[in-house]
Amino acid sequence: MRTNPTTSRPGVSTIEEKSTGRIDQIIGPVLDVTFPPGKLPYIYNALVVKSRDTDGKQINVTCEVQQLLGNNRVRAVAMSATDGLMRGMEVIDTGAPLSVPVGGATLGRIFNVLGEPVDNLGPVDTSATFPIHRSAPAFIELDTKLSIFETGIKVVDLLAPYRRGGKIGLFGGAGVGKTVLIMELINNIAKAHGGVSVFGGVGERTREGNDLYMEMKESGVINEKNLEESKVALVYGQMNEPPGARMRVGLTALTMAEYFRDVNKQDVLLFIDNIFRFVQAGSEVSALLGRMPSAVGYQPTLSTEMGSLQERITSTKKGSITSIQAVYVPADDLTDPAPATTFAHLDATTVLSRGLASKGIYPAVDPLDSTSTMLQPRIVGNEHYETAQRVKQTLQRYKELQDIIAILGLDELSEEDRLTVARARKIERFLSQPFFVAEVFTGSPGKYVGLAETIRGFQLILSGELDGLPEQAFYLVGNIDEASTKAINLEEENKLKK
């Protein structure tokens, strides 16, 4: 197999002489192209079709070589619609893989899979470009230290901490606060870690992509007046795009993130929404290329494709890419090959609960269902680990008692259980937190809570020192001192009412 020699090297190779071929066959988004003998393009090379259709409209379609068929023919997958293409049209081999702009110029902008801006804000500086197919960092470059990536969000840092350079799965239905949580993480990494974020919209709804962009502008994550002060670059390949674009848009976003890690030496947050759509697009392309399907109709190369993407998301000695991936579980079947392959790569899972959202507890992260491989005494220390376990035990006991409370009421519980319920309700409310990006809607200023402060707060609740405070004092506050202050204010308000 002729694989591209430039795939592990930044930038585009210099093209001495571009070879041209002719379209031989078109089946949907798949093109067969014949080249002169000895002029065959490499696998993953970008091919460009520039012509005019029968109405005289300009055609500009970029494809990616996937197979070498023999008899000087190659099979390529189009990255945009193939409408208007005809047999015999000229195809130019660019001599390099798809390359996209990288660096500060990408911040605050929206790109498609080819790295072209689609936000009508003018051209982007393309002086620095990277090919989207690159090797994962070598073993010797990897950072082997296990360290927590502090987010400033209490429920995440205490109960399901993120690993620096790790991969986190975000599970949640519509309307439970995925977008707000994503925006808060983007905001906090910029403020606390001096990092930037890249958002890859893989096969998502165009409306959702537009809503996210508007909300980011509203909350200040994207600075319209000075784009370079923005904290995020956006890359979209929506549901209406051909499968080739949806399959590669994750790599485009990852490539932009790699530049910030390797060249700018920053901590980067990479969001992929939705990782299932990446697999789904790969499955469509695999069928179009005539490969024999594997289990449940997925591509036989499912693990390889997932691995080549996930292995590039890691910490090096220069910086880190921490990835948060929304995971759609088809028909709620966790044994489906797509989510099952994804789970193998995840370090933590953040599960959003509709029950908590309906109670008005935001972020609606389920403290019992969310998990992390980092929650071990040798990594986080005994104090953190024991506090987290006691919080979980208290909440679990409260969950077990809820049926009894619903039928018989609180009075039928033992003294010990009543105390557990009271503390669990305080913990539940203290796990809520005002977000910076939600200030516009809530009117409450956002709070970033350090890990040490978070642990201290929960230790005080568990020790019983704060049993005398009303539970509403713990709702939507930052650290525990704010809860004490809020309790005093509530008491004064009650006195005034009387």
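Heads up, the Cβ atoms here are built off N, Cα and C, so glycines get one too.
Features of the protein shown, as given by Swiss-Prot:
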BINDING   GLY172, GLY173, ALA174, GLY175, VAL176, GLY177, LYS178, THR179  ATP binding site
Counting only residues outside GLY172, GLY173, ALA174, GLY175, VAL176, GLY177, LYS178, THR179 in the same chain, those with C-beta within 8 angstroms of the ATP site's C-beta centroid are LEU352, ALA357, ALA364
Same chain, |i - j| six or more, Cβ under 8 Å of THR179 (ATP binding site); the result in sequence order is GLU208, ASP211, LEU212, GLU215
Fewest C-beta neighbours within 10 angstroms among the binding-site residues ALA174, VAL176 belongs to ALA174
Counting other C-beta atoms within 10 angstroms, the emptiest spot among the binding-site residues GLY173, GLY177 is GLY173
Least crowded of the binding-site residues GLY172, GLY175, counting other Cβ atoms within 10 Å of each Cβ, is GLY175
One finds that other Cβ atoms within 10 Å of the Cβ of LYS178 (ATP binding site) number exactly 22
